[in-house]
Amino acid sequence: MSGPPRIRSMNVADSDSRPVLGPTGNKARTVETRKSGVKPLKKLEKPHQEAESKDKRVPLSPPQCVTTVPSVLRQQDRHQAILTLSMNASCSSDASSDSFNSRASSARGTRQRGPNLRRKSSSTVKRAEKAVEKVGAESVVAATNTVGCLEPKKRCAWVTSNTDPCYAAFHDEEWGVPVHDDKKLFELLCLSGALAELTWPTILKKRHLFRETFLDFDPNAVSKLNEKKMVAPGSAATSLLSEPKVRAIIENGRQMCKVIDEFGSFNVYVWNFVNHKPTISQFRYPRQVPDKTSKAEVISKDLVKRGFRSVGPTVIYTFMQVAGLTNDHLVSCFRFPECIETTEKGERDGDIKPTIIEKIPEALKNLEL
């Protein structure tokens, strides 16, 4: 009596043929089964070998993460890493294309030889050398810029990275520098009055138009301008400022000529209010900078008595800041000591006159001393 047919257990074969995960991901190893004479497995060996040969190609090395640091050496290493990656990518692409051509030619019974490969490799080397020169030049420029930006100059708090470049240049070159030329003083007085309608960046961008319209701010020439033509609709002056401001500039030119006749120069007149030496404020924070001071109010009242227009205390204090009658740069600003040094140099050169030159009235000439 024969027993029931034996059923072969598949546990061993299943455990032997189970795929194993490699360290590079879900890539299964091919494990041969116990029966080596099965024909379908032999047919699959060739495609499997081709797959393995394809897997043996030189893969592109994954881009390495380059940490961005302010050091110049790290930036050069970054350029070198990018260059290495590009060279590896080009070489691997050439190698993969050459291997594909060699397999195709071997299937036809011909094999591609070495001279063409050497030509390709030499061209690749030339491209790599050009890339090295280019990257090297760029790295030098980047290193120079980085070194120059490591210690930027510290300015007043109201000049930021978003400030208009013309206003930043105005702060670095003119604002707070003592001025002793009558034309320049008249220009700064008129531009300070224009701040009621415009901002400093807008005024500085149109500064050449102001100078052309108002004859380079020569007080004598401005006093002779035809006021009706200047304030006519569509004129160059009214395109810059309102009609009251244009009339004020012309009138201030006339009054400045009178001041020059009385004191010899407007420079002597205005610097007399600060004893011919700039006031050094030594402010640490922007909130400490005032809109006007008692000194500005005194100058404003005297100018109003003389017939000047648009010369309120706020306008006059702005004029004092711009013309250097007061040094309102913050103590942390790099221009604070430079303006003081400019003042001391002007005193040594005799630009600042310590005495007032007053014009003697005609009535005193006939007096017998």
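For all residues, glycine too, the Cβ spot is worked out from N, Cα and C.
Annotated region 'Disordered' per TrEMBL: 1-67, 94-127, in sequence order. The compositional bias 'Basic and acidic residues' annotation in TrEMBL covers 42-58. For 94-108, the entry in TrEMBL reads compositional bias 'Low complexity'. Marked as Zn(2+) binding site by TrEMBL: C156, H171, H329, C333.
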Original post:
When you measure from the Cβ of C156 (Zn(2+) binding site), which residues in the chain that are at least 6 apart have a Cβ under 8 Å away?
Top reply: H171, P286, H329, L330, C333, R335
Original post:
Given the binding-site residues H171, H329, C333, which one's Cβ is surrounded by the fewest other Cβ atoms within 10 Å?
Top reply: H171
